[in-house]
Amino acid sequence: MVVLSVPAEVTVILLDIEGTTTPIAFVKDILFPYIKENVKEYLQTHWEEEECQEDVSLLRKQAEEDSHLDGAVPIPAASENGADDLQRVIQAVVDNVCWQMSLDRKTTALKQLQGHMWRAAFTAGHVKADNFHRRFESCCGVPEITAAEGDSQVGFFEDVVPAVRKWREAGMKVYIYSSGSVEAQKLLFGHSTEGDILELFDGHFDTKIGHKVESESYRKIANSIGCSTSNILFLTDVTLEASAAEEADVHVAVVVRPGNAGLTDDEKTYYSLITSFSELYLPSSA
Ligand SMILES: CSCCC(=O)C(=O)COP(=O)(O)O
Ligand SMILES: [Mg+2]
């Protein structure tokens, strides 16, 4: 087995989710289809609620910023002109969300709405919490999406939970940094195969602190944790994120998982690679 020695100055492990703790297939084939298939009904049901209106305002603001982009979908302001007008605005929001998702945009506006939709799905019982890791089920007309046991559509790779427990026993702090909203992250870790494992994490960060491809985000994270950037080891599948973190003096390792995007030969040579969290060696746990 390949072993990657964690530098002695590292006291914090910062984890990406999609492609790192969690198969890309789980996000793309289970979590995201739920959004696309339910967004219209969600908006129609929750439209009058303050939270939903805040989500729509944020999406509208994002749409204005995106107006120069090819295929961008504007969201008109809702007027008092009756039900037809309301349906036109809702359809524009649906089209905007689907357009953003077709590009796998990581905007805070999109991620916030997704998090609220997943929460509503849990609350309404559309999602079975005890088997969330391999079934994301809807009772509102959407076909049940079930992944067969042993395939890649589970919530977490099997090495994740044992490794995180071990790191914590060795005195490491463990944080999550994902484009998925903190609320969505907590749903995921709150419903793992091993039950609620939120207590394994010292905290969560999302794009509200900044985008993952921007170095400044990692400086802000270190500041928020109260450590130096060089005390952090960031594990991610995306080299653009690794590069931004490294520019901020964060240690990085690129995680190679089944279903992840391939790396170039240069990237394979340049970055420390791991295929499982069990390949990390902590001198302090020796
Ligand atoms: C429950 S987290 C949802 C995952 C998600 O929406 C996402 O965009 C994942 O991005 P990551 O930064 O974890 O690669
Ligand atoms: Mg990722």
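Here the Cβ of each residue, glycine as well, is placed from N, Cα and C on the backbone.
Curation plays no part in TrEMBL annotations; they are all automatic predictions.
Record features (TrEMBL):
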BINDING   Asp16, Glu18, Asp237  Mg(2+) binding site
BINDING   Ser178, Ser179, Lys212  substrate binding site
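A straight line from the CA of Lys212 (substrate binding site) to the CA of Glu18 (Mg(2+) binding site) spans 13 Å. Other than the site residues Asp16, Glu18, Asp237, same-chain residues with C-beta atoms no more than 8 angstroms from the centre of those residues' C-beta atoms, the Mg(2+) site, are Ile17, Gly19, Thr20, Thr21, Thr22, Ile24, Ser178, Thr236, Val238, Glu241, Val255, Asn260. Between the CA atoms of Glu18 (Mg(2+) binding site) and Ser178 (substrate binding site) there is a gap of 8 Å, rounded to the nearest whole number.
The record gives Ser178, Ser179, Lys212 for substrate. Within 8 Å of the mean position of their Cβ atoms, the other Cβ atoms in that chain belong to Asp16, Ile17, Glu18, Lys106, Tyr177, Gly180, Asp206, Thr207, His211, Glu241. If you measure from the Cα atom of Ser178 (substrate binding site) to that of Asp237 (Mg(2+) binding site), you get 11 Å. There are 23 other Cβ atoms within 10 Å of the Cβ belonging to Glu18 (Mg(2+) binding site). Counting every protein chain shown, the Cβ of Asp237 (Mg(2+) binding site) has 21 other Cβ atoms within 10 Å.
Taken in sequence order, the binding-site residues Ser178, Ser179, Asp237 that lie near ligand 1, meaning a CB under 6 Å from one of its atoms, are Ser178, Ser179. The local packing around Lys212 (substrate binding site), expressed as other Cβ atoms within 10 Å of its Cβ over all shown chains, amounts to 23. You'll find the Cα of Asp16 (Mg(2+) binding site) roughly 8 Å from the Cα of Ser179 (substrate binding site). Using a 10 Å Cβ-Cβ cutoff, Asp16 (Mg(2+) binding site) registers 23 neighbours. Geometry remark: Asp237 (Mg(2+) binding site) versus Ser179 (substrate binding site), CA distance 13 Å.
Take the CB of Ser179 (substrate binding site) and look out to 10 A: across all protein chains shown you find 24 other CB atoms.
With a CB cut-off of under 6 A applied against ligand 2, the binding-site residues Asp16, Glu18, Ser178, Ser179, Lys212 are reduced to Asp16, Glu18.
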